[in-house]
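The ATP binding site annotation in Swiss-Prot covers Gly155, Gly156, Ala157, Gly158, Val159, Gly160, Lys161, Thr162 and rests on sequence analysis.
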Amino acid sequence: MTNTATNIGYITQIIGPVVDVEFTTGKLPQIYNAIIIGSGENAVTCEVQQLLGNNKVRAVSMTSTDGLKRGMEVTDTQAPISVPVGKATLGRIFNVLGQPVDNMGDVALDQTLPIHRGSPAFTQLETKPSIFETGIKVVDLLAPYRRGGKIGLFGGAGVGKTVLIMELINNIAKAHGGVSVFGGVGERTREGNDLYMEMKESKVINESNLGESKVALVYGQMNEPPGARMRVGLTALTMAEYFRDVNKQDVLLFIDNIFRFVQAGSEVSALLGRMPSAVGYQPTLATEMGSLQERITSTTEGSITSIQAVYVPADDLTDPAPATTFSHLDATTVLSRNLAAKGIYPAVDPLDSTSTMLQINIVGQEHYSCAQNVKETLQRYKELQDIIAILGLDELSEEDRQIVARARKIERFLSQPFFVAEVFTGSPGKYVSLADTMKGFNMILNGELDELPEQSFYLVGNIDEAIEKAKSLKG
């Protein structure tokens, strides 16, 4: 950020991450302007949030306010926080201010953009809904993603969220020539580090040639002040917007975790003197969420498809934070611990995951019928499981036994080997087109493959591989 401004003020009050500054000249910075306290490595950047009157402004710090004191000089940069964008960001890790934090040298600042920008105009939006093919069978068939849509990713610890995220990053790069931006918002530093290491291992980040990497990472972790956690999502979004608007690419934007964005806003809200709203959240909750979510969309040039991990506090879906998030989502991908325990990966729950795209007028009759028949078979199997547990399979009618056999094949066929998991599964990854996916499930539902053993459907790509696997199992 260039320090061309000469508008100088002085700190009058510090309350945690909130700093009050008086500009004696009477020339006040605009809302969202970045102001800098100190210089060099110890410089503290704050963002103006309120104009208090009497030539004073209230700002929220993006870094720790330790060591600041009243009377210190403050410089108005006369512009919002700006971050680097473009190819130089790929393979690198940034903080909320767009500074690299991976000890791999500086990033070229040829192109920077402010993190506060308007959403695209109505005339620029792509209004025709289209499916974003991921190459992952269970997602494309049962809960398809909308191009330029927002997807909620729900799942506890250890059920495969990270691996699913990395596979999506890999597939968008290979199939769509797109890139991804990962925004780590208020999550554990250890998880951020693990993700970075796994991305290097699976070649999503190419260490020898960073420009060939498929992702840029932006972190504002749990130990950072609320100001950083509140704005890091916007930093990641700004980098994604450049790839969409200038490079005209399809972009995947991951936000982990969207709840922490709201949480950071509520921490700052009371310090800014706002009256708390329901459950202690900020009164501006819907506005803040809307200003972030409305920028995530498809334009006629490219698209940003966002996948947001959603933490649900105390599993209460009516809590204002997740409830506000739900109103923006086009699809939900729910990861199931039961499926993970069975070794079925990706552990996406086919009955709990939903999508607004699964409508006849969008996906067509064939896709819709296939998806509904798969869900119907799995639902019936779920209902029969109690009877099977108590009385055994032999007590079922012939028709029910056939449903159970097909449902078990469907369940296994919903599993799939991932490219990014080759390192630890030893089996090559598979990208399965939607046409191949539908062909396979229709053959199972029609009874064409009733004689094949169910293990031949486990961890394969398309249905031809399952038939080949069955032959090799027979030996």
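Count begins at 1; order follows the chain as displayed.
Glycine is treated like the rest: Cβ placed from N, Cα and C.
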Remark   = For the binding-site residues listed (Ala157, Val159), most other Cβ atoms within 10 Å of the Cβ sits at Val159
Message = For Gly156, Gly160, listed as binding-site residues, tell me which one has the smallest number of other Cβ atoms within 10 Å.
response = Gly156
Query = Per DSSP, to which secondary structure element type does Thr162 (ATP binding site) belong, with helix, strand and coil as the options?
reply = helix
Remark   = Cβ-Cβ distance under 8 Å, sequence separation of 6 or more, same chain as Gly155 (ATP binding site); the residues meeting this, in order, are Lys161, Ala309, Val334, Leu335, Ser336, Ala347
Message = Cβ within 8 Å of the ATP site centroid (Gly155, Gly156, Ala157, Gly158, Val159, Gly160, Lys161, Thr162 excluded): which residues?
response = Leu335, Ala340, Ala347
Inquiry  = Within a 10 Å radius around the Cβ, which one of these binding-site residues has the most neighbouring Cβ atoms: Gly158, Lys161, Thr162?
reply    = Lys161
